[in-house]
Amino acid sequence: VNKVGFMGFVQPFSDAMKLLMKKAFNLNKSNSLIYFFSPFFNFFIVSFVVVLIPYKSLNEYFFYGILLFFCCLSLNVYSVIMMSWSSNSKYTYLGAIRVIIQLISYEISMMVFVLSMSLLLNNLSFMFYEKYQMYMWLMELFLMVGFILFM
């Protein structure tokens, strides 16, 4: 019997149980309140992005959903900064700087791609992306070719 379950579906749940059952450690030189609540802040920001997903039954939609999406994604950097700063460790801070640089570089490349689509569609709403995708599904391929030529 495989210990990760059928095709590894049980693995995330077992990892979460292992994390929750671990013995809590005491941080002597850290600001433990900020240190323990910054992952919850990160989870709250990421789960707020789910609100921006367009639904068929919803008649009203947010016109600037893409901008709010990028604002929420850029707020994840602050939780990493809070976590590393509150631990009062140089190595944690250096690791957090590496994570932040990687997050920002991925956000910039995704922003260039999504905002170029927004310029072509002349709209910043996720609902219009869904509507135009029925007619212009090949546009993403042309944008990727243009992005590769631009690089």
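Here the Cβ of each residue, glycine as well, is placed from N, Cα and C on the backbone.
TrEMBL annotations: computationally assigned, not manually curated.
Tertiary proximity for the transmembrane segment (33-55) is limited to same-chain residues at least six positions away from its ends with a CB under 8 Å from its CB atoms, namely 27, 61-62, 65, 68-69, 72-73, 75-76, 78-80, 82-83, 85-87, 125-127, 130. Taken from TrEMBL, the feature transmembrane segment applies to 33-55 (among others).
Marked as transmembrane segment by TrEMBL: 61-81 (among others). Packing against the transmembrane segment (61-81) from elsewhere in the chain are residues 38-39, 41-42, 45-46, 48-49, 52, 54, 96, 99-100, 103-104, 107, 111, 114-115, 118, 123-127: each is 6 or more residues past its ends and has a CB under 8 Å from a CB in it.
Look at TrEMBL and you will find 93-120 (among others) tagged as transmembrane segment. Within the same chain, residues 66, 70, 73-74, 76-77, 80-81, 83-85, 87, 129, 139-140, 143-144, 146-147 sit at least 6 positions outside the transmembrane segment (93-120) and bring their C-beta atoms closer than 8 Å to a C-beta of that stretch.
The transmembrane segment annotation in TrEMBL covers 132-150 (among others).
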